[in-house]
Amino acid sequence: ADTIVAVELDSYPNTDIGDPNYPHIGIDIKSIRSKSTARWNMQTGKVGTVHISYNSVAKRLSAVVSYSGSSSTTVSYDVDLNNVLPEWVRVGLSATTGLYKETNTILSWSFTSKLKTNSIADENSLHFSFHKFSQNPKDLILQGDAFTDSDGNLELTKVSSSGDPQGNSVGRALFYAPVHIWESSAVVASFDATFTFLIKSPDREPADGITFFIANTDTSIPSGSGGRLLGLFPDAN
């Protein structure tokens, strides 16, 4: 099975798998059952921003979700990613819909990682930034239903030609280049990721959510990982 660390924007509470009984953001370490959650005042039809950061000195993974003109939501969890993830990984975004649905539109996405060792010369870093997504992106690996539209947006799940979200959809987008996320001799391994998103839904209860995730380089959508499993995990264990 894939090794996954994720930050989830979970729009639909699945209390049977340990979700709190409201939309929330959460940090997932190798399981859909979040290690830490915070209530998320989701605003459909408004562009939101997510900022995720990790620093191997503090060993803290944190995420902040905000909408213009309203207060932000923060979640954090103390974890040493050296003990969880392989040395080389890929970073991605995933989303699902189920019986209920929503658009899972990504408007921009940036990522920076730095790996500092004792040697001044030896710094591994990776940076990418998408402010628009091209129609046939060479620098993204699109999985499942994910596609880029003519407006320069990344749609992680299916939408109709008129822009309406479709149910029972799962899609992911990964940056093509692997990331050197840690190394035994590294003094500091850190990363920052930011993306902007737009969730719209005709349903009273939108579903299911969007994630930023880090996984082994050969990661693929697990069978049966739709809906509440957010395209990341084969089961709810």
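Numbers here mean position along the shown chain, with the first residue as 1.
Note that Cβ sites are derived from N, Cα and C of the backbone, with glycine treated the same way.
Now, the feature entries from Swiss-Prot:
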- GLU8, ASP10, ASP19, HIS24, SER34: Mn(2+) binding site (BINDING)
- ASP10, TYR12, ASN14, ASP19, ASP208: Ca(2+) binding site (BINDING)
- TYR12, LEU99, TYR100, ARG228: carbohydrate binding site (BINDING)
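Structure coloured by features recorded in Swiss-Prot.
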{"residue": "GLU8", "record": "Mn(2+) binding site", "Cβ contacts under 8 Å, 6 or more apart": "ILE25, GLY26, ILE27, ASP28, SER34, GLY209, ILE210, THR211, LEU230"}
{"residue": "ASP10", "record": "Mn(2+) binding site", "Cβ contacts under 8 Å, 6 or more apart": "ASP19, PRO23, HIS24, ILE25, GLY26, SER34, TRP40, ASP208, GLY209, LEU230"}
{"residue": "TYR12", "record": "Ca(2+) binding site", "Cβ contacts under 8 Å, 6 or more apart": "PRO23, GLY98, TYR100, GLU205, PRO206, ALA207, ASP208, GLY209, ARG228"}
{"residue": "ASN14", "record": "Ca(2+) binding site", "Cβ contacts under 8 Å, 6 or more apart": "ARG228"}
{"residue": "LEU99", "record": "carbohydrate binding site", "Cβ contacts under 8 Å, 6 or more apart": "GLY167, ASN168, ALA207, GLY227"}
With the carbohydrate site defined by TYR12, LEU99, TYR100, ARG228, which remaining residues of that chain have Cβ atoms positioned within 8 Å of the Cβ centroid?
ASN14, THR97, GLY98, GLU205, ALA207, ASP208, GLY227
Provide the three-state secondary structure of TYR12 (Ca(2+) binding site) computed with DSSP.
coil
Cβ contacts within 10 Å for ARG228 (carbohydrate binding site), all chains included, total 20
If H, G and I count as helix, E and B as strand, and all else as coil, what does DSSP give for TYR100 (carbohydrate binding site)?
coil
Starting from the Cβ centroid of GLU8, ASP10, ASP19, HIS24, SER34, the recorded Mn(2+) site, name every other residue in that chain with its Cβ within 8 Å, sequence order please.
PRO13, PRO20, ILE25, GLY26, ASP28, THR37, GLY209
Within 10 Å of the Cβ of ASP208 (Ca(2+) binding site), how many other Cβ atoms are there?
29
Taking the centroid of the Cβ atoms of ASP10, TYR12, ASN14, ASP19, ASP208 as the Ca(2+) site, which other residues of that chain lie with their Cβ within 8 Å of it, listed in sequence order?
SER11, PRO13, ILE17, PRO23, ALA207, GLY209, ARG228, LEU230
Once the chains shown are all counted, how many other Cβ atoms turn up within 10 Å of the Cβ of TYR100 (carbohydrate binding site)?
18
Using DSSP with the three-state reduction, classify ARG228 (carbohydrate binding site) as helix, strand or coil.
helix
